[in-house]
Ligand code: SF4
């Protein structure tokens with residue numbers, strides 16, 4: 001059996017940067033915490049905890065110390081609240097997410113009704129929404145786009161990890177909704193590259209392993225895309241690999257989400273090779 005890695009997989013620039021910033025600000029006395037898990041990967045969150053970076057669910061849990069904003073970013077109120085509570089704030093928001101936030105803010109200030117194409121419950125999308133002053137629509141499907149009323153001035157931004165094809169398709173539906181439309185496609189290059197490489201590989205192999213947190217939106221999207229081409233298994237760690245998946249398989253492909261650490265990818269790769 002041949003085991004092939006996707007050309008682009010695993011940690012992206014924004015995640016590497018956020019983890020580096022968190023490590024630089026680790027503390028042995030438990031005073032450093034990220035607001036929400038630093039990335040959607042439980043194994044990495046646990047590792048950082050052991051290195052001196054905890055996690056809080058809200059600023060209310062901190063009386064003092066240092067709070068690290070993760071790559072998904074937050075709305076403007078969090079910066080204000082951290083300051084008023086006297087907390088030190090270190091901002092590890094990915095610059096691509098920052099760009100999406102500021103694009104939405106700018107569109108809103110220019111009088112556009114903002115539509116964010118993305119998942120309503122994703123922290124990054126929530127953060128982009130906050131920067132519009134709560135005046136945006138969040139839509140995830142063509143049906144939701146079609147259900148929108150006509151809009152005078154329509155400004156569109158995207159979740160950075162949204163599927164490029166789906167964005168295009170939803171935008172096509174939105175074109176009917178307004179005579180004045182400004183589209184800021186804020187999908188990041190890392191996402192585009194990982195999705196394109198995963199699809200290309202999924203077309204060539206008998207089965208795909210997609211490695212990454214089950215709570216990771218970009219990993220889940222990779223798994224959905226690969227599943228359109230071949231049998232696909234979404235796993236978090238090597239422990240989930242099953243022998244029977246490799247039966248009668250000549251070629252198996254491996255990809256991983258932008259929040260999947262290298263060491264987990266290597267473990268899966270080695271394990272597959274040992275069965276080759
Ligand atoms: S996927 Fe893109 S936007 Fe998200 S953290 Fe990585 S580089 Fe930044």
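These residue numbers are counts, starting from 1, taken along the chain as shown.
From the backbone N, Cα and C atoms, a Cβ is placed for every residue, glycine too.
Please treat TrEMBL annotations as automatic predictions, because they have not gone through curation.
Per TrEMBL, active site, proton donor is recorded for 124. DSSP gives residue 124 (active site, proton donor) a helix state.
In the three-state DSSP scheme, residue 188 ([4Fe-4S] cluster binding site) is classed as coil. The [4Fe-4S] cluster binding site annotation in TrEMBL covers 12, 94, 188.
Per TrEMBL, the feature dimethylallyl diphosphate binding site maps to 40, 72, 122, 216, 218, 259. Residues near residue 218 (dimethylallyl diphosphate binding site) in space but far in sequence (CB under 8 A, at least 6 apart, same chain), listed by position: 161, 191, 194, 212, 257, 258, 259.
Taken from TrEMBL, the feature (2E)-4-hydroxy-3-methylbut-2-enyl diphosphate binding site applies to 40, 72, 122, 160, 216, 218, 259. Applying an 8 A CB threshold to same-chain residues 6+ apart, the list for residue 160 ((2E)-4-hydroxy-3-methylbut-2-enyl diphosphate binding site) reads 94, 96, 97, 100, 124, 186, 187, 188, 191.
Annotated isopentenyl diphosphate binding site per TrEMBL: 40, 72, 122, 216, 218, 259, in sequence order.
Counting other Cβ atoms within 10 Å of each Cβ, the lowest count among the binding-site residues 40, 72, 122 belongs to 122. Cα of residue 122 (dimethylallyl diphosphate binding site) to Cα of residue 12 ([4Fe-4S] cluster binding site): a span of 18 Å. Candidate recorded positions: 94, 122, 124. Those with a Cβ under 6 Å from ligand 1, in sequence order, are 94. Here residue 12 ([4Fe-4S] cluster binding site) is positioned 13 angstrom away from residue 40 (dimethylallyl diphosphate binding site), judged by their C-alpha atoms.
The secondary structure of residue 40 (dimethylallyl diphosphate binding site), as reduced to three states from DSSP, is coil rather than helix or strand. Of the chain residues outside the [4Fe-4S] cluster site list 12, 94, 188, 13, 14, 15, 71, 95, 96, 97, 160, 161, 189, 190, 191, 258 have their Cβ within 8 Å of the site's Cβ mean position.
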